[in-house]
Each structure stands twice: as structure tokens, then as C-alpha cells.
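What Swiss-Prot says about this one:
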DOMAIN    100-222  domain 'MPN'
MOTIF     171-184  motif 'JAMM motif'
BINDING   His171, His173, Asp184  Zn(2+) binding site
Amino acid sequence: MKNNVQLLMPREKMLKFGISALTDVELLALFLRTGTRGKDVLTLAKEMLENFGSLYGLLTSEYEQFSGVHGIGVAKFAQLKGIAELARRYYNVRMREESPLLSPEMTREFLQSQLTGEEREIFMVIFLDSQHRVITHSRLFSGTLNHVEVHPREIIREAIKINASALILAHNHPSGCAEPSKADKLITERIIKSCQFMDLRVLDHIVIGRGEYVSFAERGWI
């Protein structure tokens, strides 16, 4: 009963001021709904964020890390993984249905939702039309912990198939550091040169790390 009373506070705050007015602790408490024995839901939410450092650290953690926190079991872990997956699917649908002229921020958020937490390097391409509206996106290549083999010819073939005019390249670094390697720069140059022959523009190559990213366009490399 105490947990339910405590939970009314963030709910009432949300109804009065909007969901964005909630703190990270209050927002997490809404999803958790109940606390544990001797610990109300707000206290539990606060302790979880302190243990994992942030919402990002919490939602990208693995069950082994959860099992070391008192009062957090498989049910809470499943709830939080469900939240993370819901966010990922939301961005997926948003990209398909809104398909506006992409802002750098929206592109980055979408790619982070798709690639963060992957244990292997994944190379993605967002395909756009002549107005830079999204046609589709695809995970074209999958590799190992620190390498992914990328074939420009396959990228061009896919672009021609769907009549794309521009591309945004992206891949993740499971190590967490988003700084591009020499190999990343070389393959980007190869893709750009190959695309030029087919009148395809490469707008950016974004590398996703753990809580950070690097944009080739922002660095002036494209």
C-alpha cells in the first residue's frame, strides 16, 4: 500500500506538469511500479540509478550486473529491457512513418537506439531519396567485437535497387569508444568514391560508442 501511495507523487506531477517534468528517478519509478520489501519504489529507483550511473547505464546493462543489486530480480530486469526495446522500436517506426528531412540530432538518436549495446560491430546504411527523405534503413554487414567487413559494391547495389539518391553510413564500436579508426576512414573514402560513379551522395558516417558518437560530417571529413 505504501508503494502505491509513493507512486502517486510522480503520477500527479506528470498529470499537472507533463511527463518531461519528472526527474529520472520519478520516471523510472513509474515503470517499476512497486518497490521491494522494506524499500519503496522511489528509493529503489534512486538506488538503481546510483548503482548504474545513469538511465543509459541502466538500460544497456546485462542481467549479471542486475543480479548483484539487492532487491532487483529477473522481473525488474525484464521490465527495463522492455523499456529499452520499446524505445528502439519507436525510433524505428518514427524513421519510417515521419521520414522528414533528417536533422543530425534525430539521425544520431535513431542510430544510438539501433546500435547501442550490440556486442559485435554492425554496419548500417540509411537510404534517402533526392529530397533526403528516408526510404529505408538496413543492417548490411555484421562482424566481430572490433571489426566488420564492408563491401561498397553491396551498398551501391542496394541503393540502386530502391532508387536511393543519398546515404548515411553508420556503425558501432562495442568497445565504447566512438573515435574512428584508420580503417573506418579508409572504408568511408572507398564508399564515397564508389558512390560518386553512380551519382550517389554520402551525407555522413556516424560511429556510435557507449554514450558518445562521432560524425564524419561534423568533423569536416565528408
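Including glycine, each Cβ sits where the backbone N, Cα and C put it.
Within 10 Å of the C-beta of His171 (Zn(2+) binding site) we count 25 further C-beta atoms, all protein chains included. With a cut-off of 8 Å between Cβ atoms, the residues of this chain six or more beyond the motif 'JAMM motif' (171-184) that come close are 115-116, 118-124, 145-148, 150, 205, 207-214, 216. With DSSP classes pooled into helix, strand and coil, the tally for the motif 'JAMM motif' (171-184) is 3 helix, 2 strand, 9 coil.
DSSP places the residues of the domain 'MPN' (100-222) in helix, strand and coil in these numbers: 41 helix, 34 strand, 48 coil. The Zn(2+) site, placed at the center of the C-beta atoms of His171, His173, Asp184, has further neighbours from the same chain whose C-beta lies within 8 angstroms: Glu121, Phe123, Val148, Asn172, Ala178, Pro180, Ser181, Val207, Ile208.
Its Cβ placed at the centre, His173 (Zn(2+) binding site) has 23 other Cβ atoms within 10 Å. Sequence-distant neighbours of Asp184 (Zn(2+) binding site) (same chain, 6+ apart, CB under 8 A from its CB) are His171, His205, Val207.
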